[in-house]
Amino acid sequence: MRHYGRCYWELSKARLSILVVMTSGAGFVLGSGSVIDVPCLGWTCLGTMLAAASANSFNQILEVTNDSNMKRTMRRPLPSGRISMEHALAWAVTSGSVGISLLAYQTNATVAALGAGNILLYTLAYTPMKQLHPANTWIGAIVGAVPPLMGWAAASGHLDPGAWVLASALYFWQLPHFMALSFMCSKDYLAGGYKMVSGPKAALIALRNCAYLLPVGFIAHYAGVTSGFFGPEAAILTAGMGATAALFYRDPTLQRARHMFRASLLYLPALMFAMLLHRVPNSNTAKESLDNTAPSGNETSLEVKSKRSNPEDYTRPPIAYASAAPFPFLPVPYFR
């Protein structure tokens, strides 16, 4: 059992999937009103994790021959023979089916559709494109930008303009991140038969997309997603990663690529931390909450006011449950 558990972990690329879940969770918090629905957040994260696990497993099933030719991937469960193709396929189908079903029944149809569409995009477009054209990186960036949209839609029920702010940040961030990776692993990718951007062109693409990231913080404030403090903070973070990209462009060496790769790993959690720290509750979600408590024909305004202000409806959990906060740096939310 432990053997198969390890195989499932590696097939799912669990560490990468956890990062995907973090971006989905961030999207959920940003799309929430003043009250964060923690149970729904949990279901969203679980469904997203299973969907990501399914996509990654299908990817390894389709690329087993390529993986066997690369030093970085030849020890994965399928190339090494630690699990059969049929077993891996059963895991991919099961995790995907359960994940999408959870999203459909515990959140809404929009989230489930985004999750299912992302599995298909990753499996049927990104995976085969890696062997055909370097444009695969841009398709992969779209795949990585979808999870925050799923989180936002799960929290608010729809996709507001603000939902695209974090998604855009994820899209543009992935280009410097993967350009550094493709440069560092260029020989391995060539051995595996993958068409990737490398050389000085990779450095130019990385630098250009760092420039695209510069206004994201100010756009987030303009869209009502964050306070005004986030704009300068995001610009400073982007400038830091951009500096490593500029050095990589001026001197396209393995060492410079590695520095930019590490900077990209630090950039994303720092950006999400700042965005969540300065978030503004989603007014559309709050408005819907007020609409739900609007007086009906048989209710007086006094009764409605009582419904909205009943202290039993908004009670803090006891201290023992303080870990119910969706992120350690956010206050414990009120529970309905």
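Each Cβ is built from the backbone N, Cα and C atoms, and glycine gets one as well.
Automatic, uncurated: that is what TrEMBL annotation is.
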Of the ranges 16-35, 296-315, which one does TrEMBL flag as transmembrane segment?
16-35
Residues from the same chain, set at least six apart from the ends of the transmembrane segment (261-280), whose C-beta lies under 8 A from its own:
19, 22-23, 26, 29-30, 166, 169-170, 173, 176-177, 180-181, 184, 217, 220, 224-227, 229-230, 233-234, 237-238, 240-241, 244, 327, 329-330
Could you check if the transmembrane segment (41-62) is in contact with the transmembrane segment (109-126), meaning 3+ Cβ pairs under 8 Å among residue pairs at least 6 apart in sequence?
yes
I'm a bit unsure how to read this: which one of 16-35, 138-155, 161-181 has the highest number of Cβ pairs shorter than 8 Å with the transmembrane segment (202-223)?
161-181
